[in-house]
Amino acid sequence: MLSTYRDLFKLPGAARIASGGFIARMPIAMDAIAIILFIYSVDKRFALAGALTAVAAVTTVVSSPLWSKVADRKGQRFVLCIAVPIRIVAIISFINLVLAGAPIWTWFLSIFIAEAGSISMGSMSRRRWVHIIDGQDKHLLATSYAYESLADELVFILGPVITTAIVAAIDPAAGLILGILFLLVGVPLVATHKKSDPGVELHQGEEKQSSVMRNRNLQAIAIPMTIIGGCFSAVNICVVALTTEQDLKAVSGLLLGIWAVGGALSALVNGAIRWKISHGKRFIGYLLGMTLISLTFPFIENLYLLGFVLFLQGTCIAPLLPNGLPIVTHSVTPSQMTQAITLATAGIPLTGAISSFFAGQIIDSYGASTGFWLPFLFLFIGVLSTIPYRKLYREV
């Protein structure tokens with residue numbers, strides 16, 4: 001089963017893309033909890049910490065697609081050499097401003113600048129896979145996307161655990177500093193590898209090409225992915241709330257870990273199979289699976305059963321993007337590809353922030369079980385958003 005992964009990692013530069021991309025994206029799973037732990041250690045206000053993470057999330061939604069657009073036009077190395085230093089300097093400034101007791105508005109300004117330097121390392125890694133595979137084998141490209149989804153799952157499993165552990169063991173600012181170190185190690189591994197660098201591929205007349213968001217293939221993936229982003233944050237909060245109601249708060253981390261493990265295993269298997277079913281049909285199938293499984297959440301009180309159901313839903317989550325991205329990348333020009341890959345998931349933090357707010361309100365008023373209707377609502381709307389593109393899903 002793993003022969004497809006063996007073939008993938010035989011490609012020149014594969015190990016550098018895989019390892020560097022994985023290390024460099026670790027901060028995306030660390031920064032939010034690192035900011036919360038750091039600010040609470042200094043200010044003792046979760047509201048302020050939450051406001052800062054919200055600003056960070058919204059800024060990232062805007063900045064990462066813009067940097068990806070620049071990467072398509074100027075090259076990945078150009079972007080990495082500008083954006084990453086901005087981010088590192090701003091994070092260091094943020095830490096120093098907080099520790100020095102500077103006015104709170106400077107905290108917001110520094111975190112805004114830091115996230116303005118936020119790049120989508122996952123998108124850049126995926127773009128490099130497209131470049132080195134270069135249309136040779138569509139199954140191998142699907143395997144590379146599956147590997148990247150596996151990497152995403154592992155990042156979100158390991159990131160929060162590592163952050164909380166290092167903060168508890170060393171210093172409240174250690175989580176943010178470790179994120180900087182991951183960037184300093186991972187980004188050069190990718191940026192300095194010339195063979196996998198897609199470079200700049202502008203063709204005559206492309207300077208005046210239409211906006212990539214007008215591409216129906218991208219819309220067919222980006223719109224539902226953005227909407228269902230609200231499911232993820234809501235599930236996180238509801239799981240913590242339900243375990244807290246049962247005086248088993250420590251179990252929440254285990255349950256969310258099981259959720260992610262289901263996704264990691266599914267991504268691994270998905271990439272090893274040479275599918276005959278189209279990407280579009282699989283994308284819809286996994287989305288429907290997620291939605292139907294989420295319908296059981298409000299009725300579950302037993303945590304063992306919840307863990308099992310979370311595992312099942314996780315197996316539907318991880319294959320979504322590997323099946324959605326080929327629909328996108330096959331329909332855009334090389335000079336728009338990094339931007340298109342980024343836009344496919346760029347809106348997830350925004351709906352995540354919205355769902356977090358409403359989930360908290362619902363849980364405070366009606367309890368965790370009622371709060372679990374919110375993930376189903378986001379997923380149901382996500383399914384409805386695919387209806388205008390139903391013919392497209394059947395064809396690709």
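Every residue number used here counts from 1 along the chain in the order it is shown.
Just so you know, glycine gets a Cβ as well, placed from its N, Cα and C.
Here is what TrEMBL says about this protein:
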- 21-40: transmembrane segment (TRANSMEM)
- 46-66: transmembrane segment (TRANSMEM)
- 173-191: transmembrane segment (TRANSMEM)
- 218-244: transmembrane segment (TRANSMEM)
- 250-271: transmembrane segment (TRANSMEM)
- 283-300: transmembrane segment (TRANSMEM)
- 306-328: transmembrane segment (TRANSMEM)
- 340-360: transmembrane segment (TRANSMEM)
- 372-389: transmembrane segment (TRANSMEM)
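Most Cβ pairs under 8 A with the transmembrane segment (372-389) among the ranges 218-244, 250-271, 306-328 are made by 218-244. The transmembrane segment (250-271) makes contact with the transmembrane segment (218-244), as judged by at least three Cβ pairs under 8 Å among residues 6 or more apart in sequence. Among the recorded stretches 21-40, 46-66, 173-191, 283-300, 306-328, the one sharing the largest number of Cβ pairs closer than 8 Å with the transmembrane segment (218-244) is 306-328.
Here the transmembrane segment (283-300) does not lie next to the transmembrane segment (173-191) in space: the count of CB pairs under 8 Å, restricted to residues six or more apart, is fewer than 3. Sequence-distant contacts of the transmembrane segment (173-191) (same chain, six or more residues past either end, CB-CB distance under 8 Å): 16-17, 19-27, 30-31, 33-35, 37-38, 76-77, 80-81, 84, 87-88, 91-92, 94-95, 99, 121, 124-125, 128, 162-164, 166-167. Residues 31-32, 35-36, 39-40, 104, 107-108, 111-112, 114-120, 123, 339, 342-343, 346-347, 349-350, 352-353 of the same chain lie 6 or more positions beyond the ends of the transmembrane segment (46-66) yet place their CB under 8 Å from a CB of it. If you look at the transmembrane segment (340-360), the same-chain residues 6 or more away from its ends with a CB under 8 A from one of its CBs are 54, 57-58, 60-61, 64-65, 68, 120, 123, 126-127, 212-213, 215, 218, 221-222, 225-234, 237-238, 321, 324-325, 328-329, 332, 371, 374-375, 378.
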